[in-house]
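Structure, as structure tokens:
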Amino acid sequence: MIFLRQMPNFRVWKRTANASWSQAVSLSTWTAAHVGHCSVMTTYQEFIQQNEGRDGVRFSWNLWPSSRLEATRLVVPVSCLFTPLKERPDLPPVQYEPVLCSRANCKAVLNPLCQVDFRAKIWACNFCFQRNPFPPSYAGISEVNQPAELMPQFSTIEYIVQRGPTAPLIFLYVVDTCLEEEDLQALKESLQMSLSLLPPNALVGLITFGRMVQVHELSCEGIAKSYVFRGTKDLSSKQIQEMLGLTKPAASGQQGRPLAPQDAAASCRFLQPVQKVDMNLTDLLGELQSDPWPVPQGKRPLRSTGVALSVAVGLLEGTFPNTGARVMLFIGGPPTQGPGMVVGDELKTPIRSWHDIQKDNARHLKKATKYYEAMANRSAVNGHSIDIYACALDQTGLLEMKCLSNLTGGHIVMGDSFNTSLFKQTFQRVFSKDNNGDFRMAFGGVLEVKTTRELKVCGAIGPCVSLNSKGSCVSENEMGIGGTSQWKVCSINPSTTLGFYFEVVNQHNAPVPQGGRGAIQFVTQYQHSNTQRRIRVTTIARNWADAQSQIQHIESSFDQEAAAVLMARLGVFRAESEEGPDVLRWLDRQLIRLCQKFGQFNKDDPTSFRLSESLSLYPQFMFHLRRSPFLQVFNNSPDESSYYRHHFVRQDLTQSLIMIQPILYSYSFYGPPEPVLLDSSSILPDRILLMDTFFQLVIYHGETIAQWRKAGYQDMAEHEVFKLLLQAPLDDAQEILQTRFPMPRYIDTEHGGSQARFLLSKVNPSQTHNNLYAWGQETGAPILTDDVSLQVFMDHLKKLAVSSSA
Amino acid sequence: MNVNQHTPMASPYGQPQPGYTQPGYAPLDGGYPAPYAPYNGPASPYQPGAPPQGISGPARGPPTTGPPPISAPQQYNQYSHSQGDMQNGPPPMTQAQPRPPVSQPYNPGAMNMSGPHPTYPQHYGPPPTMQQVSNQMSGMQITSGPPTPAGPGYAPPHSSQPPVSTAYSAAPPPSYTQAPPPVSSAPTQPPPSGPAASQQYYGSPPPPSQQPFNSSLPPTSQQQFTSSSVPPPPSQQTLPPSSYSGPAPPAGQPPAPPVSQPQQSFPPSQPPFSSAPPPTSQPAFAPGPPPTAPGSFPPRAPPPSSQPGSYPPPTSAPSCQYPGPLPPQQQPPPSQPFPYHSGPPPPRAQMPPTSMAQSNHLPPGPQGPPGPPGPLQQPPSQPGMQTGYPPQQNGAFGQVRGPQPGYAGPYPGQPNYGAPAPAPAPAPPAQKRLDPDAIPSPQASDMPAVQKSRHRIDPDAIPSPIQVIEDDKAKSTEPFTTGVRGQAPPLVTTNFQVKDQGNASPRFVRCTAYNMPCTADMAKQSQVPLAAVVKPLATLPPDETPPYLVDHGEGGPIRCNRCKAYMCPYMQFIEGGRRFQCGFCSCVTEVPPHYFQHLDHTGKRVDCYDRPELSLGSYEFLATVDYCKNNKLPQPPAFIFLIDVSYNAVKSGMVSIVCQELKTLMDYLPRENPEMDSIVRVGFVTYNKVLHFYNVKSSLAQPQMLVVSDVSDMFVPLLDGFLVNVNESRLVIESLLDQIPEMFADTRETETVFGPVIQAGLEALKAADCAGKLFVFHTSLPIAEAPGKLKNREDKKLIGTDKEKSLFQPQVGFYNTLAKECVAQGCCVDLFLFPNQYVDVATLGVVPVSTGGSVYKYTYFQAQSDQERFLNDLRRDVQKPVGFDAVMRVRTSTGIRATDFFGSFFMSNTTDVELAGLDCDKAITVEFKHDDKLSEETGALMQCAVLYTSCSGQRRLRIHNMAVNCCSQLADLYRNCETDTIINFFSKYAFRGVLNNPTKAVRDTLVNQCAQILACYRKNCASPSSAGQLILPECMKLLPVYLNCVLKSDVLLPGADVSLDDRAYLRQLISCMDVTETHVFFYPRLLPLMKLESGSLPVAVRDSEERLSKGGVYLLETGLHLFLWVGASVQQELLLNIFGTPSFGQIDSSMTSLPVLDNPFSQRLREIIDSFRAQRSRYMKLMVVKQEDRAELIFRHFLVEDKSVSGGASYVDFLCHMHKEIRQLLS
């Protein structure tokens, strides 16, 4: 519950949390009929919540099988979701630096799990068992006078590093000018507005592009000056710097020399402190014309996104390597020329669809993807992140460009137009501040994982890139981005969550002593938005359990929500490189194996199949995951798929779960709003439904409600109650809208409305046109689909799980 | 003109050009304008006297800057180290450095002698030489060819010698008189008069003058000579023998014997001076001038004193002029005979070879041998030369610049004129001879003249351009009507009105021959080039109507079906008007119904006179969309200004001047209707190593600058807002132009690009899909990394070698390709260069030259002194009418065809001349060759059609028709030639030739062809006469003098300090000049300014130092340069009138414009200068040259009848040479 208190928007969180619980409840009742009841391990749930609240960690298993063999048999790997910068207003950072294990290849940070000899002033590293003397400053240490990092409640602690340069944040706007006048105007206003949100000492830069790419010089007076690059020519970083006259790059943070803002400003005419060029830039943005080159009939405007990015990356690379920087790319269409081109300028050639991709018919796909990947990697190396704000009715090439954000921790925002509140609010929210008045963003994060010797790390899935740091705790078995114990996360915000996958390497014949604990330490170094360098250290430990004898315990330590998300991340990660059906098959296989492992059943008797409560919701998550846009590309454009996946692999557990299985509330005259099953049977004429899929917020008015509304009852004094009913979901939706990033698409629809499809496509098609009459009309709305319903899915699952041949 | 001073500036950057510094001129404040730089070189020419170089070089190269004041003396030293002695004498004067060298060799000897002589006089004395020459040359005669009015013109020549006195004085036009006068003056009048004297001389004393020249001639002169000393006779004797032994002529003279001497004589040449000559000369002058002479010889003690005494002011000056060497020569004479002095003295030294030397020698004979070896050597060659032409070969051409040598040589030739034979009396006969063909000159009657002639060629006796010009003026009083086929128009120097009656006005088309030979054989035999100089968009005087615009409707202009010739007066309508027969190919074409018209009884269409295309030589058709690129009517053209903003450009002030000026120029963009706003759009770019484009869209509050650094792959960063309408964007443009100089005020960028700059303009025009013009303001060699990057390849060592031609060729092929692209887009490039050092004009000029653009060059540009010239050029260049995207095609009668084209254009095939831009100053020379026979009846027709886009964006065809006669007799051909046009052709031909041939070969070719032309005439047309006689066709009698000017041009015969850039610049410049411009360029106009009358210009004088009076002021213009030469002893009143200062010394020679004084003289003079400037396509900066000032060297370069420091022959020498060549051909 701590966690609940901490959350600023606790109502929402409460709701979502409630939602999952209520689902659990309702599902358990739902499944109870089939599976039967298991005792509820409330203790574990509390434990899990506590840990999440304190450390931002959710493990799939909270007891770890003590041998490799047992671990593999558990199907779901030992893994966790980790939110490195989880907001901890109650955790003031300490003003000193961490004490490190002196072993060269360990360097673990002193933590509460370490054994300390207060007399000898020695501590033993719990990862490598190295005995280390305390540094002189710890001379006064004693059992009653312990430093924070030794206290159990500080399993997560944050250090402020005093040395090293502090560089101002950098925001480089890369703006597409091939926009409709209205769109451009809106975008210009948003950009101008954003200037007031930036920290005054932050450096800003502006690059605009269309057919050409212009880098605007901000320091000039009188005449507006910009450097122009041809949109079709790929230039090396060095060429770009030469052409911009930056052959003497500014002192970089790497060189360890403090970089005074003034110096930086002088060295780079293109990046200037906001406070200095505020007016200039506002004017400049105000005068921004939409791309003046004529667009012939039947052509797309020529948009040199690739070169523009290349210039942006090259510019930052040359001037501020290893400094926190955000490249913010605003596009209103796909790149149509030059390197990174996604589609030709002929309108008659549509932009690639999944169909084209599957037929290997997307001409530019590979080349463009490769181009943007290379750029993303360059950018990541320098610690710069790239945001993409794509607003267009058609696709804009996110599929090809997604890696820019995925690898650098940047945002992707997709909308229909810059002139929508979706974009405006979302963009504004990028600059939101926390309670301390600091931006909710951090830069140049390096996340390192250390494990005790029984564990090795297989990889991570999230907005990061590998730093290729091989160490003793790196597994050869890669899952996600593996082969390293360090990852770079160029931009981190409080909700950025990575999935880490581990491998138990302890051999079966070398059992862990009873009561032994495995430990994992996450060391996150980053640049805080106030330009401080900080290190956050999270050390967690879990008990080892012998799968042979303690399988019940292990089962009850299963965090099905975390497991679902972690498995989903694996699936999504695979989907990036594998065919959709293969991924589904793999997921199904894992699910079946899990059910086989933990289900209670009689062979070949599906009806006898039971799952314990700790796993009871898992199949349902998998069912919805299979239907989700993360794995299903049908009805989604490649851009949308990329967009959804992008957010899925970076949001925290709660949000991820919502994405997998949207939440549905029902509003009626019959009682207070209640969460209901995400099922077609919940769609009733006299209800108002509010569905949150994370990406969309749908308010659906049932048939009767819709008619009433149309008749105008809400305006009649005597029907004020109706008015209140109508208002209730709107108010609730507003709350969600105001806190979520990116802002969801808000849809207000009704029975029979075209937008109702958003709802209909999500609910479990328990009633379809096939079985409609069997169920009777009163009970819900039929869905016109051939998709299998949860019922069918479960039936098959049970059958397969109990099958002796499986 | 820049001053050396600039050089210093240059240095900072890197290198002062060696050339400049070395010469030692650098030091002089007066710095030479880059172009002239070469002249500085004179030192080199003098080199023979190596001393000069050494001297100059070491001494003061660098220090220079301050020099002006001090310079005189010191410089002297430097220059004339040898002169050391001299100093005393010349102290006052500084100028003559150049000469010194020459003289030096002689000095030794000379010096000694000097005292005595007034060698000068000798020169004068030359008269003797003359005689000799005459003897030798006696054979030569210059006769005007075909009879014609020319007669009178000719007169002069004749007169010159024998008749001189009489003829001139009496009838001869002023010009003539003038010439003689000087001479006379010397003798007769006391030198004292000096300054003012000049005028007087001209006026009165003619007779005497002659005398001096021809020793024999007038009694007076003779007396002088004789009295003075024996020398004269000896000289005569010797001379003839020496070089011109050949010509028995010596007849009269005993000298014959000397013949043998010649060889000896040469060497002795010097001695002669010392020994005999001096005495002689002195004596001669004795009467008046003698004193001066002595004075002049600074070497000797006396000189100083003498000088002052005798010619106080003048002397000094003169001496200066010929600092070292000359002194001996005794410029003393200078005062009066300026010409003489100057010329002769130096020449002698070098010249000795030729006649002069000889003459002098003779006397020395005895002493002679010892003579200065240097000169002597040359003489040896002479032997060979004897033919009579020797002078040239010998150093004459090369070294000596002074008139003397020239005279000597030439004179010999003259005798011919004067008299066939040496005999004193010969004169009359000579005249007769002359007459036969052309000239029934008054001179003939003059007996005395005859006598003169014998002695040596009298410059006055050879064909005088001035005379010809004046004669033509006199006879062209009626408007010239073009209706008569084969009629040669008045000369370009004549003001006349034209009435178009069916052929194009000579302002549009001039032909070399108005009577073409019928057959290829004839043409080949005569070697007369058949060419036309077409200036399609020439500006007409206000009293002539511009071509009418004809609209034939949607079908476009009516054309011949086969050859596609446009409807013109040569089309013959037949079958009652239903068809017409093409005059060019004879094909019959149907007349379209809408064009049908009945014929009258003569077969003419009834509407003949209503339709310009049926009755006029020049008119325009409105073109239809079929005549447009891509079948789209053209967009309005655009002007793009591309301004170099590198360090040099900013520092020199160029950037701010340009920006400032553009603000006002925006209102003067070309338009057809003066009341409308121009539709030409404008765009701006600045650049150094990168390019900055400017968005000046009217909706912007401030201009925007777009920097393009990617010069390797140029593109245009914006479209909308780059090319704008001036009126709409005026405020933004002005703001931009205000800011540009500020923005780059502190620039440190010194590197520039060039190729990408043009590419940028080109791309901009492409993007806007229009034609247009780029104005590029550029300063330096483009060495920044970019396409078209160049390296400095100026290598003096290559000059004179077979590799020299490579220096004229573009360094890289890039610009050729670029030019081609520009032409395809209709992108014309005008280049304004402001170099401080080598910029490789040969390469940078490729694009302008190929696109019909112009190159302007302002070396060592300095805002203060060059601003005016630049701005006037810029204004004119921006404002002048221009057509774009032009294609010119010349169609001709069957039988001949246009085979070669010269000018600023590009040709992608053999018939179409493509001009991205064509303005009113551009001329194209077209050469025709026979491919079949022509008939005398139909004559030869040509139609020049130029398809272009007018500055109002209208697509038009301008048609010029020209019909000339055809002849089967060579004599007809020679009777209807136009020498000016021939020279235009020759110069373009030769200047293009240097691209592929060694310059020497090119020069030889020219000389050969010219000789063949004249020989052919002699052989086939002239009445029989002695082989030794030089007979020239009347129409071509100036061919030798003009040709010599071409040969001496910097391109073909560079002085040591003529920079490669200057040569390339001139070469390109000439290629698009019309006849008027080439004429004045090669033979500058030299006006005496002693008396000015409103309404008429004073009669010009010939371009020879001899014609300058020390007491006078002269104006010389070449179309590129404008000099005001001030004699050293000019009258105070004149100075007051012109400069407002009473003293010669206070004249500020750095002034570029005359003070505005409220007196009629000043007003008139400024009027004249203004009118000259108005006549030329480029603004001429006024340079004030004080006699004996250092800058005079530059000025002298334009005295083209004299020897040039770079080795060019004097007129007389060349004539002799030509005669020799002709004789060789004949024999």
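Cβ from N, Cα, C; glycine included.
Feature annotations, courtesy of TrEMBL:
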type     : residues    : note
REGION   : B:1-459     : region 'Disordered'
COMPBIAS : B:12-46     : compositional bias 'Low complexity'
COMPBIAS : B:60-71     : compositional bias 'Pro residues'
COMPBIAS : B:74-86     : compositional bias 'Polar residues'
COMPBIAS : B:89-103    : compositional bias 'Pro residues'
COMPBIAS : B:130-144   : compositional bias 'Polar residues'
COMPBIAS : B:151-170   : compositional bias 'Low complexity'
COMPBIAS : B:171-194   : compositional bias 'Pro residues'
COMPBIAS : B:211-229   : compositional bias 'Low complexity'
COMPBIAS : B:236-246   : compositional bias 'Low complexity'
COMPBIAS : B:247-260   : compositional bias 'Pro residues'
COMPBIAS : B:268-316   : compositional bias 'Pro residues'
COMPBIAS : B:324-350   : compositional bias 'Pro residues'
COMPBIAS : B:352-361   : compositional bias 'Polar residues'
COMPBIAS : B:363-382   : compositional bias 'Pro residues'
COMPBIAS : B:402-420   : compositional bias 'Low complexity'
DOMAIN   : B:557-595   : domain 'Zinc finger Sec23/Sec24-type'
DOMAIN   : B:634-878   : domain 'Sec23/Sec24 trunk'
DOMAIN   : B:883-966   : domain 'Sec23/Sec24 beta-sandwich'
DOMAIN   : B:979-1078  : domain 'Sec23/Sec24 helical'
DOMAIN   : B:1097-1169 : domain 'Gelsolin-like'
When counting C-beta pairs under 8 angstroms to the domain 'Sec23/Sec24 helical' (B:979-1078), the leading stretch of B:557-595, B:634-878, B:1097-1169 is B:634-878
For a three-state summary based on DSSP, what are the helix, strand and coil counts in the domain 'Gelsolin-like' (B:1097-1169)? 23 helix, 12 strand, 38 coil
Looking only at residues six or more beyond either end of the domain 'Zinc finger Sec23/Sec24-type' (B:557-595), which have a C-beta under 8 A from one in the stretch? 502, 550, 603-605, 613-617, 621, 623, 891-894, 938, 941, 943, 945, 957, 959, 961, 963
Sort the residues of the domain 'Zinc finger Sec23/Sec24-type' (B:557-595) into helix, strand and coil with DSSP and give the three counts. 6 helix, 11 strand, 22 coil
Can you check how the pLDDT averages out over the domain 'Zinc finger Sec23/Sec24-type' (B:557-595)? 92
Please list, for the domain 'Sec23/Sec24 helical' (B:979-1078), how many residues fall into helix, strand and coil according to DSSP. 66 helix, 0 strand, 34 coil
Please list the DSSP helix, strand and coil residue counts for the domain 'Sec23/Sec24 beta-sandwich' (B:883-966). 0 helix, 55 strand, 29 coil
